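Engineer: So that we are looking at the same thing, I have put the structure below in C-alpha cells.
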Amino acid sequence: DTYRLATNVSDNSTAGQLLAEFAGAVAERTEGRVEFRMFNDGVLGDQGQYFQQIQRGVIDAGLVNSGTLENVASAVGVMNLPYVFRTSEEYAEVMTAPEVQQALFDATAEHNVVPLGFISSGFRSIYTTEPVESFEDIQGLKLRAIASPTYMEMLSLFGAVPTPLPFGELYAGLQQGIVDGAEGGLAGLYVAQFGEVAKYALLTNQTRLTDFVVTSNRFVESLDPADLEIVQEEFQKISLKSVEFSDASEAADLQKAVDEMGVQVIEVDTAPFIEAVRPMYENARADEAKRPLIEAIFAIENREF
Amino acid sequence: MENPAQSLAGGNTTPAIIKVGRAVEGAIALFLAILLALMVVAISWQVASRYLLNIPSMYSEEFLRFSLIWLGMIAAGYCFVGGRHMSLPLLIDVLPPVPQKILRFINSELSMIFGAILIWGGSTSFVANSKMLTPMTQIPVGWLQSVLIICGAMILIAETIRVLCQLGIVPRDPQAPAPTEGATFGQLAIATLIVAIFGACIVTLWQSDWMSEHVYSSLELTSTIVLFTTFVVFLIIGAPIAIGLAFAGVLTLGLQIDLDVMMPTVGETMFNGLDSFGFLALPFFILAGNIMNATGLARRLIDFAMLLGGRIPGSLWQTNVLANMLFGTLSGSGIASATAIGGIINPVAREKGYNMAMTTAVNAASAPSGMLIPPSGALIVYSLITGGGASIIALFMAGYLPGIIMGLSVMLVAYWYAKKHGYEAESDKPSRAETMRLFMRAAPSLMLVVIVISGILGGAFTAIEGSGIAVVYSLMLALVYRGLNLRKLFEILRDTSIVTGAILFLIAASTMMSWSMTFASIPETVRVLMTSVSDNFIVILLMINLILLVVGVFMDMSPAMLIFTPIFYPIVTELGVDPVHFGVILIYNLALGLVTPPVGTVLFVSCSISGEPISKVIGPLLPIFALQAAGLLLITFVPAISLALPTLFGL
Ligand code: NA
Ligand code: NA
C-alpha cells in the first residue's frame, strides 16, 4: 500500500535525502507492500498542522521537530535546551539511549502518534551582519529567533535581543537591517543564501533541533508485524547515519558559503554561553514533566549541570 | 404577488424579531470593528517596540495571526447574513420565477450543509487539539479552532432565517441588503427533495465498490474529474463561489477518507489556510485605501491626475486610468480603487455625455494595476507561497513597470477610441502655479508610498508591517483633514472587515480544495504532464500563461494564486525563470482575470458603480484586453521589464 509521509523540508535537505533513502529501502525490502509517497516542502501544511492529521490517521507519517513536539508534550522541551548536547558524540549517545527513547514514547503516546525515531539536523549557531568574535560582542544585538519561548529565553540570557520574524522574511530582514543576525543552522548561509548579507558565522553550537518522524496509530495497526519491523529497522539505519551525515553536509554547505560568499567562520569560547543558560536547567529540573528526562540525559552525559 | 413579509414590515411598528435581528447584527459588526482596530494597534506596537524601543514584542505576531483568522471567519459568517458572498448569478437570473425560487432554496440548503460540516468538524477539532498549545501565547489550538463552530453556526442560522423569510414565516427586514421574494412550502419541499436525492446518490456512489476501484487505480484522474465537475455545477447553480470550492474539496477528500475523520480535516485545513502573517496585508491595505477615500483624498488624486489626463483626448478616461494607478500606491486592492476612483469619475462622465460602457470598461481594466504597483497585498501573498523564494521588496520594485504597462494599455485604447468618436481634450496646459497647487494637495497621500517603501528599505519595518503603517499614516491624514468621526471610522472598519471576510473565506475554501488536490497528488501529475510536453521554458511559460488566463476567467485572484503557484513555481524555477519575474507574470495574468466575466470581481464592482450591464461592457473591454494580453507577452519574454528595478536597487 501507499502511505503519505509529510515534511516541510525540501527534497535535497539532509532529512529529505535520508527519508527518500529510507522510503526506497522499505519499498524494496517489503516488495512494494509498504510504499511511502513523500509530500515535501510543506505542501500538506506546516508541522503543527499535519501533526493534527497524523493524530487522526488521515496522514500516515510526518516529520516534526522537537520544537513542534514541545507544544504537544512539554517534556520534549528538555531536548531543546541550549548546550544540553555539547558535542555530536554526546548527542548520538543520548538519542540512542533506551531510557531516552522510552521517555519520548511515553510523552507522545497519549497524543495518538507513534514515534519512529529521530533524524539529526545538526547544530544551530549564530550568524550576524556585523563583525562578532565573542560573547561580549553579541550583547544587545537583535537576533532573529524562532517562535519558541525556549529560544527567546536563551537569546535573552545570552544578552541578545530576541526578535521574532517569519523565516520567509529573514533574508530581507538581514539585508534591510531589521535584525542584526539570526540564530539557526549555519548551512542556511548557503542554502537560503543568507551568507550574501550575513558574513559572520559564530560557532556557538548551542542547540540541536532534532527532527522526529511520527506515524499514526492507524499506520502501525495496518502493517503486518514483519513489515513494521522492516520499517523500524530501516529507520534505525538512517537515524544513526543522520548524525554524521548532517554534520558533514552542514560543514560542506558552510564551506560553500565561505568560498562563494566570503562568509567568515569564527571559533568562539562557549563557556560564557553555557554559564549564561544555567537558570534554564534549574527551571527544567523544577518542572515535574521535564525533570526525569533532563536527569536521564545528564546521567548519560556524566555531568552535574 | 403580495409578499406577506413586506406588508408586515411595511407597517409603522417594527416587529420585535427584526429589532432582535438588527441588535445581533450590530453586535457582530461592533465586534469585527473593534477586533480590526486592535489589530492595527498591535501591528503598530510590533513595529514601535522593535524599532523605537528595542524591546521586540514576543506575542504580537501570534495575536495578529490568530485575530486575522477570527476576523475572517466571523466576517465570513456575517457575509452569509446579507448574502454578500460572491456568486455567479448567470443561470439563476434567466430562469422563470418558480425554478429560480427552488434554486435559491437549494443554494441555501447547500450552504446549511456546509455550515453543519464546519460545526461538526470544529467540535471534533476543539476536543482533539485542546492539548496542543500555540508556541508563544500557549493557548490551546483547539480553542482557537472553535471559530469554525461559530462560523458554521452563523451560516446555518443566516440561511435558516433566509428560508423562513422567503416562506413568510419570519418578517423580512426592509433595511436588509438582499431582497427576498416570497416562496411556498411546496417549492421548499421540491428543493429539499432534489438536495436529498443528490446527496443520497453521491453517498451511495462514493461508497460503492465501483468507485473505490476507480479511486484505487487512477486516483488523480478520478479526483480531478470530481473536483472540476463539482466546482462547475456549483458555479452554474449560482451558489457562493467559496461554497463551490469547499464542496469540490469535500467531495474529493471524501473519495479517500472516512466521513468522521474528514469533517475535522475540512475545518482544520480551512483554518490553517488563513494562518499566515502575510494575509494581514489584505485587510490593512484595504483599510488604508478606505480611510483615504473617506477623507476626500481620492478626489485630490483625481484632480492631480487631471493635470496630465486632461490634455489627452478622452480626458476623463485618461484621468481615470492615471488616478487608478496613483491610487494603486495607496492600496493593493483593485476593488477599492475601482470603487474610489470610479465612484467619482462616473457621475462626471455621465454628465459630460461620455459613453458609459467605455467608461466602465476603462475603470475596470485599469483598477487592477494597483495590485502590481506597490505596495501590494497580492505580491506579498505570492512571496509567502514561495516560502520567501521571491523577496517581497524585490517583488515590489519589480511590479512598477508592469503595473504601468497595464495602465498604459488602457490609455492607448481610450485614446484611439476618443479619436475615432471625436472626444477632445478637456483642458490646455495648466499654469505652473496651478500644477504646483494640485500637486501639493495630492502630495500628502502620495507620500504614503514613499513612507512605506523607504521604511521597508531602511529596516524600520517589514513589507507586511508596512501595510499596518499605511493604515496609521492614513489615519493621521484623516485627523489632520478632519475627515473622520467615530461613527464614520466604525463604518469603515466594519466595511473593511466584511470585504476582508469575503476574500478570506474564498482563500480558506480554496486552500482546503488545493489541500485535497495535493492529497490526491494532482499537482505532481500536472507537473509531470507539463514537463513531458516540453522542457523549453518559452513553451512552458506560454502554456502556463494560457492556463492562467483560462483559470482567471473563472476564478478570483487569491484562490487561483493559492492553487496554481505551488504547481507552477517548481517547474519554472527549475527551468531557470527568476522567482520574482514569475511572480510578476502570475499576478499580471490573474489581474486580467479580475476583469473577465464570469468571475471578475473588479468588473462586477465597476458595473455596479456605473449601472451598466456586464454584457454592454464586454465590447469596449475586448480591445483593451487584447492590448493588455500583448503586454503580458512582453513582460513574460522580456524579464528586464520586471527585474531591472530590483537589480538597480541591489535586491
Ligand atoms: Na498597490
Ligand atoms: Na475572471
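Positions of Cβ are set from backbone N, Cα and C atoms, glycine also.
Per TrEMBL, the features are:
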type: TRANSMEM; residues: B:27-48; note: transmembrane segment
type: DOMAIN; residues: B:39-165; note: domain 'Tripartite ATP-independent periplasmic transporters DctQ component'
type: TRANSMEM; residues: B:63-81; note: transmembrane segment
type: TRANSMEM; residues: B:102-123; note: transmembrane segment
type: TRANSMEM; residues: B:143-164; note: transmembrane segment
type: TRANSMEM; residues: B:185-206; note: transmembrane segment
type: DOMAIN; residues: B:229-641; note: domain 'TRAP C4-dicarboxylate transport system permease DctM subunit'
type: TRANSMEM; residues: B:276-302; note: transmembrane segment
type: TRANSMEM; residues: B:361-385; note: transmembrane segment
type: TRANSMEM; residues: B:391-417; note: transmembrane segment
type: TRANSMEM; residues: B:438-461; note: transmembrane segment
type: TRANSMEM; residues: B:467-484; note: transmembrane segment
type: TRANSMEM; residues: B:562-580; note: transmembrane segment
type: TRANSMEM; residues: B:586-609; note: transmembrane segment
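Are these features on the surface or tucked inside, and what touches them?
Structural biologist: Within the chain, the transmembrane segment (B:27-48) has long-range Cβ neighbours (under 8 A, six or more residues past its boundaries) at 56-57, 60-61, 63-64, 67-68, 70-71, 74-75, 78, 280, 283-284, 287, 460-461, 465, 467-469, 471-472, 475, 490, 493-494, 496-498, 501.
Counting residues 6+ beyond its ends, the transmembrane segment (B:102-123) has Cβ neighbours under 8 Å at 80, 87, 91-92, 95, 145-149, 151-156, 159-160, 162-163, 166, 183, 187-188, 190-192, 194-195, 199, 234, 237-240, 243, 246-247, 250, 263-268, 270 in the same chain.
If one looks beyond the transmembrane segment (B:143-164) by at least 6 residues along the same chain, the residues whose Cβ comes under 8 Å of a Cβ in the stretch are 21, 66, 69-70, 73-74, 76-78, 80-81, 83, 105, 108-109, 111-112, 114-123, 125-126, 129-130, 134, 170, 180, 188, 267-268, 270-271.
Residues 98, 101-103, 105-106, 109-110, 113, 163, 166-167, 251, 254-255 of the same chain sit 6 or more residues outside the transmembrane segment (B:185-206) yet have a Cβ under 8 Å from a Cβ within it.
Same-chain neighbours of the transmembrane segment (B:276-302): 36, 39-40, 43, 61, 64-65, 68, 71-72, 319, 323, 326-327, 330-333, 335-337, 339-341, 343-345, 375-377, 380-381, 383-384, 438, 441-442, 444-446, 448, 463-464, 467-468, 470-471, 473-475, 477-478, 481, 483-484, 488, 492-493, 495-497, 499-500, 503-504, 507, counting only residues six or more beyond its ends whose CB sits under 8 Å from a CB of the stretch.
A Cβ distance under 8 Å defines the sequence-distant neighbours of the transmembrane segment (B:586-609), meaning residues of its chain 6+ beyond its ends; these are 86, 88, 90, 235, 241, 334-335, 338-339, 342-343, 346, 360, 363-365, 367-369, 371-372, 376, 378-379, 382, 399, 402, 406, 545, 548-549, 551-557, 560-561, 564-565, 568, 617-618, 621, 625, 628-629, 631-632, 635.
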Engineer: Can you name the far-off residues of the same chain, 6+ from the ends of the transmembrane segment (B:63-81), with a Cβ under 8 Å from a Cβ of it?
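Structural biologist: Apart from its flanks, the transmembrane segment (B:63-81) reaches 25, 28-29, 31-32, 35-36, 38-39, 42-43, 46, 111, 134, 137, 139, 144, 147-148, 150-155, 158-159, 161, 240, 242, 271, 274-277, 279-280, 283, 497-498, 500-502, 504-505, 507-508.
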Engineer: Sequence-remote contacts (6 or more beyond its ends) of the transmembrane segment (B:438-461), Cβ cut-off under 8 Å?
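Structural biologist: Residues packing against the transmembrane segment (B:438-461) from afar: 47, 51, 288, 292, 297, 300-301, 303-304, 306-307, 326, 329-330, 374-375, 392-393, 396, 430, 468-470, 473-474, 477, 480, 649.
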Engineer: With Cβ-Cβ distances below 8 Å as the criterion, list the same-chain residues six or more beyond the ends of the transmembrane segment (B:562-580) that contact it, or say none.
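Structural biologist: For the transmembrane segment (B:562-580), the nonlocal Cβ contacts are 273, 381-382, 385-386, 389-391, 394-395, 398, 507, 510-511, 513-514, 517-518, 523, 526-527, 530-531, 535, 537, 540-541, 544, 547-548, 551, 555, 586, 639, 642-643, 646.
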Engineer: Tally the residues of the domain 'Tripartite ATP-independent periplasmic transporters DctQ component' (B:39-165) by DSSP class, grouping H, G and I as helix, E and B as strand, and everything else as coil.
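Structural biologist: Computed counts for the domain 'Tripartite ATP-independent periplasmic transporters DctQ component' (B:39-165) are 97 helix, 2 strand, 28 coil.
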Engineer: Cβ under 8 Å, sequence separation of at least 6 from the ends of the transmembrane segment (B:467-484): give me the contacting residues as numbers and ranges.
Structural biologist: 39-40, 43-44, 46-47, 280-281, 284-285, 287-288, 291-292, 294-297, 330, 332, 375, 377, 380, 444-445, 447-448, 451-452, 455, 461, 492
Engineer: What residues in the same chain, six or more past the boundaries of the transmembrane segment (B:361-385), come closer than 8 Å to it by Cβ-Cβ distance?
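Structural biologist: For the transmembrane segment (B:361-385), the list is 276-279, 281-282, 285-286, 317, 320-321, 324-325, 327-335, 337-338, 341-342, 345-346, 391-392, 395-397, 399-400, 402-404, 406-407, 409-410, 414, 449, 452-453, 463-464, 466-467, 470, 557-558, 561-562, 565-566, 569, 583-584, 586-588, 590-592, 594-595, 600, 602-603, 605-607, 609-610, 617, 620-621, 624-625, 628.
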Engineer: Within the domain 'TRAP C4-dicarboxylate transport system permease DctM subunit' (B:229-641) only, compute the mean pLDDT.
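Structural biologist: Mean model confidence (pLDDT) across the domain 'TRAP C4-dicarboxylate transport system permease DctM subunit' (B:229-641) is 87.
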